[in-house]
């Protein structure tokens with residue numbers, strides 16, 4: 001993607017973007033006029049107009065649903081009448097409605113809200129949208145936004161309304177439906193509700209599938225769903241979910257539509273509304289149930305400035321083009337309503353999922369604050385301002401070289417840093433002489449404003465630990481936004497530094513020798529970052545390219561690289577960013593090795609967390625390692641690698657460590673990082689607590 | 001015979017045939033009561049007029065469809081007329097046709113492409129002659145011809161690329177070296193034996209209406225190619241009324257067969273759209289389908305016995321029974337063999353008494369999908385009339401454009417239509433509505449019951465009866481539509497039709513997707529004018545339907561119109577297969593769709609076909625190269 005910013009980088013003149021809010025102010029376009037504006041979106045050419053009730057009725061009458069109903073009747077010996085009633089009930093619970101008046105009213109409110117919280121604007125890359133408008137006429141489209149915030153779908157709907165794009169039908173989680181009033185309001189605006197898991201309920205699955213299909217095939221509205229499945233609480237993209245993607249792709253694969261266009265959309269926020277909530281959630285404090293009153297209470301947040309939002313419509317992916325090499329005639333010899341995808345189709349579906357997430361990642365916009373968070377998280381105990389500024393500048397140079405686009409606003413980096421410290425003063429404290437700025441100490445603030453609704457007592461952690469950890473987690477989350485750019489070169493850095501601890505300029509290496517280390521680390525972090533399956537070599541190549549672009553290595557001969565003088569600083573930096581993950585993983589393995597009790601899968605991460613909290617003061621143990629997300633990623637990765645086995649006893653999933661493998665993994669990790677300190681008693685203690693239980 | 005009188009009587013016969021399509025039989029047909037089943041009852045069926053003479057170019061166009069005298073033509077006022085005297089439409093003026101063609105395909109009066117009137121026969125490739133074969137063959141008394149014109153007119157079928165070439169006055173590099181006219185089954189046996197002895201390549205030809213390149217001579221064929229013109233084998237050998245059977249020579253042309261049978265109160269009921277020109281042997285060799293198959297069945301249902309002369313000998317059954325369980329049905333290997341295994345000489349078909357009653361009808365639907373649902377339910381309830389066809393919106397509008405200046409039967413139609421529009425059609429969107437045409441045939445009470453049943457079902461799908469005239473017109477147009485391609489050629493338009501069969505649940509999707517694919521591919525190919533892609537459902541079965549596509553675009557500005565056209569048709573065929581449709585419902589494979597055979601059936605199946613060929617014809621005497 002081209003650099004979308006003018007070299008001056010002024011937010012007001014971002015080339016290729018329009019500011020939805022700013023624009024309207026200039027034209028004296030009042031909120032009221034926004035809400036009452038003409039709305040004439042383009043329409044899919046084969047779309048037959050129909051009422052929203054007709055949509056779910058069509059799903060009800062579909063061959064698939066009728067077939068499943070007959071199955072259920074036969075196999076569960078229920079009466080047909082009952083099953084049909086159940087089906088209708090499910091559909092009504094599912095379906096969206098269409099009330100332009102409610103929508104305009106909501107539009108009015110939302111537009112006002114957006115104005116009041118996003119002082120810097122909501123930016124949209126308008127050129128792609130223009131192309132999109134034409135495509136919508138020819139093919140059904142699916143919006144696939146990244147998911148970082150509740151604001152994602154509200155912003156997207158308002159943007160669609162603003163740009164005269166058809167309003168999407170949004171596959172939303174059930175939790176919203178529970179909200180009084182708001183549940184129905186959202187429904188009136190195109191949200192339809194899906195249960196989080198319905199893998200086994202065939203009737204529900206059939207109804208949901210057909211409901212999505214009929215909307216997609218007739219093109220009543222663009223479909224919108226989140227490929228990550230849920231909001232990412234940690235700033236990074238989540239691994240894609242394939243269930244809904246398969247549902248979306250099925251009509252094309254079975255030739256019910258000519259094509260389906262997927263539009264990945266990257267929505268990036270300067271500052272997340274949920275930053276605090278996520279911090280607590282990652283520590284295991286349950287999120288408050290979505291409720292309208294909660295929403296009203298949360299409206300206190302509306303007084304703050306949350307900077308700007310960037311909505312980036314990415315280039316479309318045509319399923320026809322993507323699956324073009326597969327012969328759809330494989331589906332000709334059985335009824336189309338039976339869900340069967342060929343193994344080839346499943347394979348490419350998975351790759352498609354990764355492709356979408358990678359594209360979303362690629363089109364994110366970053367703020368200087370994320371860069372600062374990256375620096376700050378390397379210094380959990382604080383650093384002086386001069387150092388912060390210096391390292392931020394150094395990183396800016398690196399990122400410029402690698403064409404990672406960051407919205408550096410006008411002014412010197414020093415000004416930008418100080419402005420951002422002010423903006424995020426709720427997370428960061430600055431201590432020291434006002435007159436001697438460079439000497440003042442910047443550190444993560446240990447004082448948090450407890451978020452209402454959080455029940456800290458239900459946590460494994462004591463309130464003080466939570467208090468001092470949560471801001472570290474939040475800052476880590478901002479840093480996480482950037483990490484996918486660095487992860488591949490960093491895995492190379494680990495490998496290069498493993499032998500000597502530091503890199504000597506002039507050292508020559510063959511990338512093939514890096515492969516075993518690279519593979520080990522990539523397999524380990526596969527849950528943490530997005531790696532397209534079976535693309536090991538490509539990932540390695542990308543990592544090397546990064547290093548080449550930063551002038552850390554140069555290609556020498558056919559397949560050999562030489563380390564440059566300045567390589568060491570970059571390699572050490574790359575290593576230190578990701579050490580926290582490897583450290584957390586190492587600790588998780590230590591817990592598993594030393595604990596003798598039986599572990600149930602759902603409660604295991606909490607136990608690990610509790611144990612780590614107990615050794616939080618040990619050198620090398622960091623606050624971030626308390627993140628349940630990190631711990632469960634570690635556990636999943638270990639299961640995936642076959643270092644842990646999971647089996648079922650009486651409907652409970654038991655996790656069984658495989659000692660040899662874990663020991664091997666731990667010692668291997670220890671070669672890459674300075675492992676956290678663990679004295680003998682702590683390990684033994686672990687054993688004895690377990691023995692007591 | 002004097003060609004002029006021959007011509008006139010033929011025209012009369014032609015009118016009679018069409019009249020049968022459009023007028024209910026006034027009087028009850030007389031039934032022949034003979035019960036004789038011996039070979040000597042040739043006198044029962046008097047051979048009537050034969051439509052295609054030995055010199056077919058005297059009657060048929062050299063580089064276009066159908067009769068010499070019949071064509072769409074723009075008159076000096078810039079209005080399109082239909083010339084000649086053979087059809088109801090002949091001599092009529094269609095004022096709306098040119099504006100319609102301008103609007104839908106972009107033709108301009110001054111942007112034309114004339115065809116070369118006379119092909120320079122001296123440029124025709126020199127024949128490869130096998131003198132020993134010719135000598136031996138002439139001893140049998142069969143007529144042999146090496147006349148360039150004879151060879152030329154039997155060197156092609158009616159695909160777009162063949163006609164495009166002929167219009168430029170060119171021929172393929174390889175055309176038949178000689179034409180043989182066998183007179184009966186025994187002649188064919190002798191011919192094949194000699195061909196085997198002298199290693200001659202044989203390509204049988206009937207009416208020559210193939211649209212699959214089946215008659216094209218393989219370019220690399222170095223042997224002498226003898227094309228076997230079957231049209232002189234055109235007698236009905238006998239009729240067995242008791243068992244309702246007739247043995248007919250394979251070279252008989254459809255309209256002659258029906259006319260002769262009608263004279264004794266019988267019919268086969270097999271009426272493919274090409275029945276004016278196509279032959280019985282051709283129907284068997286391509287698995288043809290007739291318009292009225294709902295009553296009479298397709299060719300495979302009509303076929304009771306068939307003789308095929310192969311290099312291994314005559315392939316036939318030794319009894320003539322309605323059905324038998326004796327291993328795989330060998331007829332199924334002859335049906336659709338496309339001239340690759342042998343020559344079909346004599347066919348025994350089921351015949352039926354002529355129907356007492358014929359009625360037309362039509363139904364309008366708000367959109368195509370509803371129409372398809374209705375046809376499906378009609379098929380489900382097994383109350384389908386002899387023919388039921390559903391045109392999409394574009395064809396419906398095309399039908400309107402073909403409306404002649406009010407005259408004869410058309411005036412009543414127009415009046416009917418107007419009234420119909422005013423009183424009933426409100427609420428139907430002319431941009432979406434489509435029409436189904438119906439032909440009921442049989443016993444009057446049965447026809448009445450069928451009509452009631454069909455219209456009741458139609459009502460469920462918002463279909464409304466739209467009058468008898470509308471239906472009648474639709475069927476009458478069937479025969480003249482084929483002539484439209486030629487006027488298209490004159491105005492730089494290439495057009496073609498192709499067909500498929502598809503399960504019911506996929507019909508609507510397939511039609512929409514294929515039309516979309518055609519549009520996208522035309523854009524890819526750089527077509528600068530509006531593209532016409534339209535379809536109709538022409539046959540219904542329990543399990544699915546036959547769909548016919550028409551495609552036309554103006555090629556001005558394209559470097560190689562034929563290549564572009566083929567790319568579009570191949571894309572469309574690819575889409576059809578991806579949508580669960582078949583390679584062909586009744587046109588066959590030929591050489592045009594050979595490339596899709598491996599996608600249509602498994603390797604084992606292709607191997608089976610090949611091994612049968614290998615056994616029956618190890619030296620590839622029947623070397624047309626069709627099918628696999």
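Yeah, the Cβs are placed from backbone N, Cα and C, and that goes for glycine too.
Since the structure is predicted, the reported quantities are computational estimates derived from the model, not experimental observations.
Quick look at what TrEMBL annotates:
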DOMAIN    B:172-354  domain 'FAD-binding PCMH-type'
BINDING   B:286, B:287, B:288, B:289, B:338, B:339, B:340, B:341, B:342, B:343, B:344  FAD binding site
SITE      B:389  site 'Important for enzyme activity'
BINDING   B:485  substrate binding site
ACT_SITE  B:548  active site, proton donor/acceptor
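When the recorded positions B:286, B:344, B:548 are compared by Cα distance to residue B:389 (site 'Important for enzyme activity'), the shortest distance belongs to B:548. Between the alpha carbons (Cα) of residue B:344 (FAD binding site) and the residue listed as 'active site, proton donor/acceptor' lies a span of roughly 28 Å. Each residue contributes its Cα atom, and for residue B:338 (FAD binding site) and residue B:548 (active site, proton donor/acceptor) these two points are 21 Å apart. Of the recorded residues, residue B:288 (FAD binding site) and residue B:548 (active site, proton donor/acceptor) place their C-alpha atoms 14 Å from one another. Less than 8 angstroms from the CB of residue B:485 (substrate binding site) sit B:64, B:65, B:160, B:163, B:495, B:496, each of them six or more residues away in the same chain. Residue with the densest Cβ environment among the binding-site residues B:288, B:344: B:344, by other Cβ atoms within 10 Å.
Applying an 8 A CB threshold to same-chain residues 6+ apart, the list for residue B:342 (FAD binding site) reads B:192, B:308, B:309, B:310, B:311, B:315, B:334, B:616, B:617, B:622.
Looking at B:286, B:340, the binding-site residues in this record, the fewest other C-beta atoms within 10 angstroms of the C-beta turn up around B:340. When the alpha carbons of residue B:548 (active site, proton donor/acceptor) and residue B:286 (FAD binding site) are compared, the span between them is 17 angstrom. Using a 10 Å Cβ-Cβ cutoff, residue B:338 (FAD binding site) registers 24 neighbours. A strand conformation is recorded for the residue listed as 'active site, proton donor/acceptor' in the three-state DSSP classification. Residues B:286, B:287, B:288, B:289, B:338, B:339, B:340, B:341, B:342, B:343, B:344, recorded as binding FAD, reach a greatest CA to CA spacing of 21 Å. A simple Cβ count within 10 Å picks out one of the recorded positions B:389, B:548 as the most packed, and that one is B:389.
DSSP classifies residue B:286 (FAD binding site) as helix under the three-state reduction. In the predicted model, the domain 'FAD-binding PCMH-type' (B:172-354) has a mean pLDDT of 96.
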